[in-house]
Amino acid sequence: MAQFDTEYQRLEASYSDSPPGEEDLLVHVAEGSKSPWHHIENLDLFFSRVYNLHQKNGFTCMLIGEMFELMQFLFVVAFTTFLVSCVDYDILFANKMVNHSLHPTEPVKVTLPDAFLPAQVCSARIQENGSLITILVIAGVFWIHRLIKFIYNICCYWEIHSFYLHALRIPMSALPYCTWQEVQARIVQTQKEHQICIHKRELTELDIYHRILRFQNYMVALVNKSLLPLRFRLPGLGEVVFFTRGLKYNFELILFWGPGSLFLNEWSLKAEYKRGGQRLELAQRLSNRILWIGIANFLLCPLILIWQILYAFFSYAEVLKREPGALGARCWSLYGRCYLRHFNELEHELQSRLNRGYKPASKYMNCFLSPLLTLLAKNGAFFAGSILAVLIALTIYDEDVLAVEHVLTTVTLLGVTVTVCRSFIPDQHMVFCPEQLLRVILAHIHYMPDHWQGNAHRSQTRDEFAQLFQYKAVFILEELLSPIVTPLILIFCLRPRALEIIDFFRNFTVEVVGVGDTCSFAQMDVRQHGHPQWLSGGQTEASVYQQAEDGKTELSLMHFAITNPGWQPPRESTAFLGFLKEQVQRDGAAAGLAQGGLLPENALFTSIQSLQSESEPLSLIANVVAGSSCRGPSLSRDLQGSRHRADVASALRSFSPLQPGAAPQGRVPSTMTGSGVDARTASSGSSVWEGQLQSLVLSEYASTEMSLHALYMHQLHKQQTQAEPERHVWHRRESDESGESAPEEGGEGARAPQPIPRSASYPCATPRPGAPETTALHGGFQRRYGGITDPGTVPRGPSHFSRLPLGGWAEDGQPASRHPEPVPEEGSEDELPPQVHKV
C-alpha cells in the first residue's frame, strides 16, 4: 500500500465567531411552547427543500413539474416499445400494398393507422422478445421507485409549504416574486421565534449556505485542488476535460451519500475518517468500493446507454428540425460550472453569473473562425443553396414535385446544410477584439488563468477556454459516451487517488457548532486558505498546499460578503475586506491623474467618473473595459496595468452614493439604499411588483459591484505576480503520476526528513541553504501542524518553486526527493481529537 502515500497534514480550526458565552449553547424550550418547527433534526435536508421550493416557484409548480417528469419517463419507454413492436414498416415505406377498396382498379390511399399492427400481434411480438421484456421490467421497477419517491417528496414539501405560510408568512402566490435573500432573512428571524436549530441562539447566512451547499463545497474544493481525475491527454487530441452528469453522480455516490460512503449522515463525517491512524486501511476500503461501483457501472452500461440515446433523440430531434444550427451553439460545461463556482454560491447565483457572461463568451469564441473553414462554408452554402432554390421554385410552380421520391428528403438535407454552413461564416461587420471580450468575460465569471491575459488572440487560450465553454454537440456526445467512459475512469483513474481523497477529507474538514462537519475551504478563511498573491500577504498562514488555487478563497469571500451584506465576517476576513476597501480608495484617488495631465486623457475613462447612482450598472463594466482598451501602444505595459486598476477603482467609487455614510469598519461596500437599510434583503413597495422590481435592480448593482471587484483583484494579483514571479503558482496541472507515490526505500537514515512531504499535486517548501535557523523553526512547526506558521514567532519568507519533470514541485536549487515523509499508522496522530470549529 506504499503507493497511497500522500502529503496532507492536519488542519486545525482557526477562529470562533460565536457570540461570547454561546460556544457550547444548547437552547431549552418548554414542552408546551414548542412550535412544529422547533428542533428540526435534519436541517440540511430541510433548508435544501426550502431553497428548492423557492427556486421552483411554489408548491403547485413543483408538483406539476415532477408529475410531468414521471409521465415523460413513462412516455419514452412506452413509445419506444410501440415503435419497436407495433409498427409495420413495410406498409409505412410503401413496400407492401394495402387495398381498402372492393375494386382493385380503384386508387389506394394508405393511412397512418394501416401501419399499426393489431393489439394481439403487438402483444405477441413483445412477449417473444426476451431482451425487450428484461428492459421493460427494469424500467418498470425504476419507475415505481420514482413514483414512491414522488409521493414521499410531495408529503415532505407539503410541510415546507406550511412552513412558508405560517412561519415565514410568505403565501405561495407571492413566492415567485421574492428573492432568496428575502426568504433567507425571514429564516434568520424565524430562528429567534421557533428555535429551528437548538444548538445556536441565532442563525447566520453562512450557516444556511453551509447546510444547503455542504457537499457542493467539497466538490468545488476537490476540483480546485485537482484531486478528481478530470483531465486526460489523448493521442491526437491533446489535453481534454471529461466531466459528465453521470460521472459526477458516481463521485457523489461514492463520497457523500451512497452505501458505505465517507459520511455517516448529511452533516457528519464518519469518526474513523477524522483520524490518521487507519488511513491506509480506509484508503484500501475506499479503493475496493470504487472498484465495485465501477464494475456495477460496467454491467449497467448497456441499459444506461440505451436510455441516454433515446432521451437525447426525443429531446433534441425537434430542436434540430426547427433550428439546425442549435448544435453549433455553445454552453457552459459541467467542469466549467464547477471550476467557476465560488465557495458558498447557490445554483441560481452561479447561473445568473454565467448567463451574464454567455454573450461575450460566444462573441469571443466566434472570433476564432478558421479562414479556410469560412471559405469552404461560403462555397458549400452557395452550391447547396442553389440546388435548394431550384427545388423550392419547382415546388411553388407545381406541388406534385414533392410526390417524387426523396425530393422532400433532399430539400430538408439541403436546408440543414445551408444553415450549418452559415454558422461558420462570420459577420462581416464584426470587429476582432479578443482582449476586450476576455476582460468582459472575466468580469462575469471571476476566474481566469494568468497566462490568458495578453494572449487572448492565441489558439491555446481559445482551446483552454473551450474546456469551460463547449459546443452543445460536444456536451451531448460526452453524455452519450459517459456510460462507457465512466467505469474506466472510476476503476483506472480514481482508485489510485483513494489515499489522497481520504487525507483530503481528514485534513480539510472542520466541525462547526450548530452546523456539523463542513469543508474548511467553505469557511473562506484567508488565514488558513488564503494566497499571498491575492492580497492575503501578511494575513495568511497557509502553506502552499493549504492555499486555495486561483484566488478562490479571496474571491469567494468577496462574493459572499456582497451577496449577503448583513453577514458579519470573522476578524481575519474583516481585515482583508477592510484592506481591499482602502486599496480601492487609494487607487480611485489616483485616477485623478488623468485630469492632471500625467496620463493621456480618455473620454470613456472620464465618463466613468460622471456616472451617477441611477445609471445602468452594466455600463460601468463596458466603460471600464473600453477605456482600458483604447489607450493604444503609447503607454507601457506596467502603466497600462496601473491605469486599468485606477479605472476599476474609480468605477467602484461610483457606487458610493448607494452606500450608507457610516459603514462598519472592514465591511465590504454594498449596494444599499441611502437610509442605510439593505434593500436586497428587505424590499418594500406599494405592491409586490414594485418590491420585485426594486430587488432586481439592486441585485444588478450587487452583481456589477462584484464584477468590478473581480477585475480589480485580478489586476492587483497580476501586478503582485510580476513583482514576485518566482513565487507564483497558477493552475497546477496533474501529471501522469498524480496520486501515486513511490514506495519507501531504505531506513530513516537513508535521507533527510522533509518538513512537508511532496506530492504530484501540491508544491512544498524545502529548507533553503541561506536561512538554516529560520528553516529549522519553520520546518519543526510544519511537521506537527501541516505548515501553519505561528505569526508571532516564525516569519514567513519567500519561497521559490520549480516544476518537476514528472509532476510535483520543488524549491529552486534543491534536489527533489521521490519519497514523501510517511505518516505514522498509529501513535500521536491517532490521539488527536476531531477538529471542532466553533461558529
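Each residue, glycine too, has its Cβ placed from N, Cα and C.
Noted in Swiss-Prot for the protein shown:
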COMPBIAS  724-736  compositional bias 'Basic and acidic residues'
COMPBIAS  737-747  compositional bias 'Acidic residues'
COMPBIAS  823-832  compositional bias 'Acidic residues'
INTRAMEM  291-301  intramembrane segment
INTRAMEM  320-328  intramembrane segment
INTRAMEM  471-480  intramembrane segment
INTRAMEM  484-492  intramembrane segment
MOD_RES   Ala2  N-acetylalanine
MOTIF     8-11  motif 'Tyrosine-based sorting signal'
TOPO_DOM  2-61  topological domain 'Cytoplasmic'
TOPO_DOM  85-128  topological domain 'Lumenal'
TOPO_DOM  155-290  topological domain 'Cytoplasmic'
TOPO_DOM  302-319  topological domain 'Cytoplasmic'
TOPO_DOM  329-371  topological domain 'Cytoplasmic'
TOPO_DOM  398-406  topological domain 'Lumenal'
TOPO_DOM  425-470  topological domain 'Cytoplasmic'
TOPO_DOM  493-839  topological domain 'Cytoplasmic'
TRANSMEM  62-84  transmembrane segment
TRANSMEM  129-154  transmembrane segment
TRANSMEM  372-397  transmembrane segment
TRANSMEM  407-424  transmembrane segment
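For the transmembrane segment (407-424), the neighbouring stretch richest in Cβ pairs under 8 Å, chosen from 62-84, 129-154, 372-397, is 372-397.
Summarised as a single figure, the pLDDT of the topological domain 'Cytoplasmic' (329-371) averages 92. For the intramembrane segment (484-492), the residues of the chain that approach it from at least six positions outside its boundaries are 229, 242, 244, 246-247, 250, 254, 290-291, 293-295, 297-298, 301, 305, judged by C-beta separation under 8 angstroms.
Secondary structure counts, DSSP: the topological domain 'Cytoplasmic' (302-319) has 18 helix, 0 strand, 0 coil. Sorting each residue of the topological domain 'Cytoplasmic' (425-470) by its DSSP state yields 23 helix, 2 strand, 21 coil. In the topological domain 'Cytoplasmic' (155-290), helix, strand and coil residues by DSSP number 79 helix, 13 strand, 44 coil. With a threshold of 8 Å between CB atoms, the same-chain residues lying at least 6 positions outside the topological domain 'Cytoplasmic' (329-371) that come near it are 51, 55, 180, 206, 209-210, 212-213, 216-217, 219-221, 223-224, 230, 241, 243-245, 248, 424-426, 430, 432-434, 437-438, 440-441, 443-447, 456, 459, 462, 465-472, 475, 519, 521-522, 524, 552-553, 555-556, 559-560, 563, 703.
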